[in-house]
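Copied over from TrEMBL, here are the features:
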- 1-13: compositional bias 'Basic residues' (COMPBIAS)
- 46-102: domain 'Myb-like' (DOMAIN)
- 1-43: region 'Disordered' (REGION)
- 153-182: region 'Disordered' (REGION)
Amino acid sequence: MEHHHGHLHHHRLSPYPTLNPGPVASAQDPDGGGGGGGADQRLPQWSHEETRELLSIRAQLDKSFTETKRNKSLWEATSSLLLLKGFCRTPEQCKSKWKNLVTRFKGSESLTESEKQHFPFYEDMRRIFSDRAAAAPSPSEKGKQAVLQVKELDERELASEEEDSGKAGRKKKRKLDHQVAAEMSKPTAAINVAVREFMRQQMEMEARWLEATESRELARRAEEEEWRRLMEALRAERAEMDRRWRAREEERRAREEARAERRHQLLVALLDKLISQKD
């Protein structure tokens, strides 16, 4: 009892203790993240909805938790049930979050009603431990027994957790290593696929560009050949026109010269005739 009063006095000085100091809590959940160190602290904070789902599942499994000392499989079941609700949390994160909530509930028991309002999950925690204490012989002492049972059951859970901590830590490290390797390999594979797809597209574009270039070159050569043919035809036609024009000019000169010659002969004959008549 002395130890219990000393424990409550310690929490009166520090109303909201946490088992594992973590990052600053979000506005949604003043209790902070999932607790624990290492990679878990980098995960998103627990939201109100997520915490209430955890408490609802924990309340459903509370009888099983109290009846067994080794509760590793129960925390795995809690994690799986959370996943069905759309929240991805590991068994270790669920267990650490529950420990933080229990610690805060212990501290809140010694506070006033107005001070308890700062702990939004007080009623949920009280119902869980009140249901535990409901089976006790003296219901009138339900409130006090709830606090005592919180301490006792929490100590049993901590003992069970410490027993599995070595294996759980190694398993967690291997799991994190596998996750890191998987996360590193996924982007690498995705990058390789993207690079291959990019190179394929580049080769297709280059092939289409070469094909289009060759087609344009062939069309240009055909146009040039057609232009040369047309020019040759025009030059030949012009040469033929020049030849015909010269031929016509030659014929015209020849006719004019013949007419001039005939006129000259007529004039000479006329003059000869006039001279002969005068004589």
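The backbone N, Cα and C atoms fix where each Cβ goes, and this holds for glycine too.
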Averaged pLDDT score, the domain 'Myb-like' (46-102):
90
How do the residues of the domain 'Myb-like' (46-102) split into helix, strand and coil according to DSSP?
44 helix, 0 strand, 13 coil
